[in-house]
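Everything below concerns the one structure shown next.
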Amino acid sequence: MTLLGLTLLAAQPSRAADTPDPAAGRTIAESGVLTGHVGCSACHLMNGAGQPDVGIPRLAGFSAAYLEQQLGFFASDKRSNSWMAPYARMLTQKQMQDVAAYYASLPEPPPAENDPASDTVRARGKEIFQKGDMPHGVMPCGGCHGPAGQGMGSFAPHLAGQSAPYLLEQLRQWQQGKDRDPMGKMMVTETHAMADADMQAVAAYLQSLPAPDTGATK
Ligand code: HEC
Ligand code: HEC
């Protein structure tokens, strides 16, 4: 073997270790990383749709950067959650990247169909999302989360099609002043003076939103 060949071989493992591998992530989603523990799909499903009715969030449609960041927060208890902490702690940094890349690569499933909210409620939610409620210090959600709820990288997550019970739970926690994680302060300010009915309305509206027609930044 030539010297050049050897150098290339030696360089390869480190390159592979740096590149997220969605196929390895798929295996983690399917069967987990430790024997005797389920994969992510037991709760979030293989297609990343989550279980909207019971508040298990969807992961398809999110940016890999946001998913990886949140896994890091769960693992270090910066985002405290008893469901997610054990699963996040099982993963190495590389496995977090891989599984984030897998879920980020999936097409978005259509919104859940059995949404009990009325059209009037969703219309109010749309108004909040697009215009905010300035007298109560509520800025338009779309300003940070993207006009179609598509999210902005690791900064503000994807919201379109997300489980309404999950969204409402997050909003209520922030309204009660709990930071959630180091990125959460903005949402504490945002929800401070929001009426519960408006949080319900915006959650219902967001769950009903179909996959944003991208080209837009995730
Ligand atoms: C036993 C069920 C369960 C399993 C297994 C599970 N999760 Fe979760 N996951 C949840 C729940 C419940 C939440 C919502 C936590 C909350 O309310 O803050 C969540 C939240 C998340 C979030 C945050 C989503 C957001 O919008 O901020 C990510 C990312 C995530 N899970 C990824 C994973 C990955 C990757 C795996 C596999 C390694 C996994 N989960 C395994 C139940 C589970
Ligand atoms: C000034 C920017 C900004 C505005 C305006 C804003 N958000 Fe956020 N939002 C964020 C950031 C940043 C995060 C990430 C917080 C974290 O990681 O803890 C976030 C997170 C969220 C989440 C958590 C999603 C998940 O997957 O866990 C929800 C739900 C949410 N915002 C809803 C809303 C709604 C509804 C509005 C409008 C009423 C709104 N946001 C307005 C910046 C904003």
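Each Cβ is built from the backbone N, Cα and C atoms, and glycine gets one as well.
Small disclaimer: the values here were computed from a predicted structure and weren't measured.
In TrEMBL this protein carries:
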{"type": "DOMAIN", "residues": "20-107", "note": "domain 'Cytochrome c'"}
{"type": "BINDING", "residues": "Cys40, Cys43, His44, Met84", "note": "heme c 1 binding site"}
{"type": "DOMAIN", "residues": "120-210", "note": "domain 'Cytochrome c'"}
{"type": "BINDING", "residues": "Cys141, Cys144, His145, Met187", "note": "heme c 2 binding site"}
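Location within the structure of each feature annotated in TrEMBL.
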residue : record                : CB count, 10 Å
Cys40   : heme c 1 binding site : 24
Cys43   : heme c 1 binding site : 16
His44   : heme c 1 binding site : 21
Met84   : heme c 1 binding site : 18
Cys141  : heme c 2 binding site : 23
Cys144  : heme c 2 binding site : 16
His145  : heme c 2 binding site : 20
Met187  : heme c 2 binding site : 20
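For ligand 1, the neighbouring binding-site residues among Cys40, Cys43, Met84, His145 are Cys40, Cys43, Met84, by Cβ distance under 6 Å. Residues from the binding-site residues list (Cys43, His44, Met84, Met187) with a C-beta closer than 6 Å to any atom of ligand 2: Met187. Apart from Cys40, Cys43, His44, Met84, the heme c 1 site neighbourhood in this chain, defined by C-beta within 8 angstroms of the site C-beta centre, holds Ser41, Ala42, Gly50, Ile56, Leu59, Trp83, Tyr87.
The CA atom of Met84 (heme c 1 binding site) is located 21 Å away from the CA atom of Met187 (heme c 2 binding site). Comparing the Cα of His44 (heme c 1 binding site) with the Cα of every entry in Cys141, Cys144, His145, Met187, these being the binding-site residues, the smallest distance points to His145. Following the DSSP three-state reduction, the secondary structure of Met187 (heme c 2 binding site) is helix. Sitting within 8 Å of the Cβ centre of Cys141, Cys144, His145, Met187, and not among those site residues for heme c 2, are the Cβ atoms of Met139, Gly142, Gly143, Ala156, Leu159, Met186, Glu190. Taking CA atoms as the reference points, Cys43 (heme c 1 binding site) and Cys141 (heme c 2 binding site) are 28 Å apart. The full span of the recorded heme c 1 binding residues, Cys40, Cys43, His44, Met84, taken as their largest Cα to Cα distance, is 11 Å. Secondary structure of the domain 'Cytochrome c' (120-210) per DSSP (helix as H, G, I; strand as E, B; remaining residues coil): 51 helix, 4 strand, 36 coil.
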